[in-house]
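Data block below; observations after.
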Amino acid sequence: MKFAKMHGLGNNYIYVNLWDTLIEEKEFAPLAVAVSNVNTGIGSDGMITMGPSHIADARMRIFNEDGSEGENCGNGLRCVGKYLYEKGIVPKERLTVETKGGLMYLELHLNEAGDVVEEVTVDMGEPRLRREQLPVLGGAPDEQALLQPIEVGGEMFQFTGVSMGNPHAVIFVDDATKIDVAGIGPKLEHHPLFPERVNVEFVTAKNDRELDFRVWERGSGITMACGTGACAAVVAGVLTNRLQRGETVVVHLLGGDLSIRWGHDGHVYMRGPAAWICEGEWLGDGGSKRG
Ligand SMILES: N[C@H](CCC[C@H](N)C(=O)O)C(=O)O
């Protein structure tokens, strides 16, 4: 099976082109686990499939390192846009991608020659804020989880629940760059308040235009960046009066910066880079399929 490895600010995935490759859907999850393994596979934060859609230019699905499927992937969408344009599959500067979390609208920003996608802006749609939309327990299902208390390992935190199609628990802390993400993250990911687990973001508002950001991702653990998480963090920042609706916010992730704006139209816009790492052939179980 041919694959491409790409990253958005270091959040890297193995990209599989389903126009070229016939794989049964039941294979996606185990394949994601296999290719993600850095010792016996290729090594990545997960796997992303790209293929035909009845309602959009393409359909994207994202599988975490543990084989679980996420409903959306911001860094992945930017790489998908770059892949589809530069491979000539969807030679358009504006395109739509169907995800489990909804229809995403991409705008590609090209180099002078018009043959390389340097950055991508994605309209990530409206955030979903009702508990039942994450899902998260601990209060009225049709209300927001706004600064909701949660106890983890004897410590109390407050999270704000935001879904970008996938669930996020955003926690504002004094210094996100110093938080024990590996210690606290998994306990929150698997906390009983989150029936489908959760992505966990630790965020510090440096001012009303900049966030420091660290993430523990559902199904993948610490990653260098999380696009949907950055969107969730800005929405939570506005909801908790740390940020202004309609203003562009720079989110400083481990892997670099994303520009995020929760527009007055209700949609969240994300702008950032996408990059190739390599292309190759997956030989599967020890290469017995060689030749
Ligand atoms: N890294 C991705 C999010 C993956 C989400 C996945 N971990 C989930 O289970 O929701 C991003 O750039 O948005």
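Note: Cβ is positioned from N, Cα and C throughout, glycine not excepted.
Feature list (source: TrEMBL):
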- N11, N64, G74, N75, N166, N199, E217, R218, G227, T228: substrate binding site (BINDING)
- C73: active site (ACT_SITE)
- C73: active site, proton donor (ACT_SITE)
- C226: active site, proton acceptor (ACT_SITE)
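For the substrate site, whose binding residues are given in the record as N11, N64, G74, N75, N166, N199, E217, R218, G227, T228, the maximum C-alpha distance rounds to 16 Å. Working note on the active-site residues C73, C226: by count of other C-beta atoms within 10 Å of each C-beta, C226 ranks first. Between the alpha carbons (Cα) of the residue listed as 'active site' and G227 (substrate binding site) lies a span of roughly 6 Å. Comparing the binding-site residues G74, G227 by how many other C-beta atoms lie within 10 angstroms of each C-beta, the top residue is G74.
Every protein chain considered, the tally of other Cβ atoms within 10 Å of the Cβ of N11 (substrate binding site) stands at 29. When the CA atoms are compared, the binding-site residues lying within 10 A of C226 (active site, proton acceptor) are N11, G74, E217, out of the candidates N11, G74, N166, E217.
Within 10 Å of the C-beta atom of E217 (substrate binding site) sit 27 other C-beta atoms, taking all shown protein chains into account.
For N166 (substrate binding site), the count of additional Cβ atoms within 10 Å of its Cβ stands at 28 [all protein chains shown]. One way to see the shell of the substrate site is to take the Cβ centroid of N11, N64, G74, N75, N166, N199, E217, R218, G227, T228; the remaining same-chain residues with a Cβ within 8 Å of it are I62, G70, N72, C73, G76, V215, S220, T223, C226, G229.
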